[in-house]
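Take a look at the structure set out below.
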Amino acid sequence: MEISVFSIQKSSRDNFENEIQEYIKMSAKFAKINDKIIFNEKIARAQSSGRSDALRAYDEIYEPNLKGFCVMLDENGSQLDSQEFAQILNSNSQINFFIGGAYGLSQNLKDKAQKVVSLSKMTMAHKVAKLVLFEQIFRGLCINANHPYHK
């Protein structure tokens, strides 16, 4: 199984990133996990230009990666409990999660996904959402392996 998380953000080495790397390391016994951070000058310029330019730039970056089972994170997506989330992981050998940039994700991109998921009804910083996603990936893998992490 291979799981990739794509995010549009500037690279940083902070405590959030350290925790994410820890979850990747712990998950490695169950699946290959990839953290794909994407940010370039084109995205920076597009975000400065406004919402429509930014969403178009996100589409250009993400569309070539729409392979396997694709899950978009969006505040209006389905809310799942950890067991339901684990079923997504259990049912697919290649899973790609996509976290939007400052302007979220375009409807076009969400329409191409197999699943659109919300981590919470609350708004949270992208780095917090990403950390929560990696924890839920680890938890889901543990549920599927009958590992005691999920109690």
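Glycine too: its Cβ is placed from the backbone N, Cα and C atoms.
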From GLY100, GLY101, the one annotated by Swiss-Prot with LEU73, LEU119, SER120, LYS121, MET122, THR123, MET124 for S-adenosyl-L-methionine:
GLY100
These are the binding-site residues: LEU73, LEU119, MET122, MET124. Which one scores highest on other Cβ atoms within 10 Å?
LEU73
When you measure from the Cβ of SER120 (S-adenosyl-L-methionine binding site), which residues in the chain that are at least 6 apart have a Cβ under 8 Å away?
GLN79, VAL132
Specify the count of other C-beta atoms within 10 Å of the C-beta of LYS121 (S-adenosyl-L-methionine binding site).
8
Between GLY100, THR123, which of the binding-site residues has the fewest other CB atoms within 10 angstroms in the structure shown?
THR123
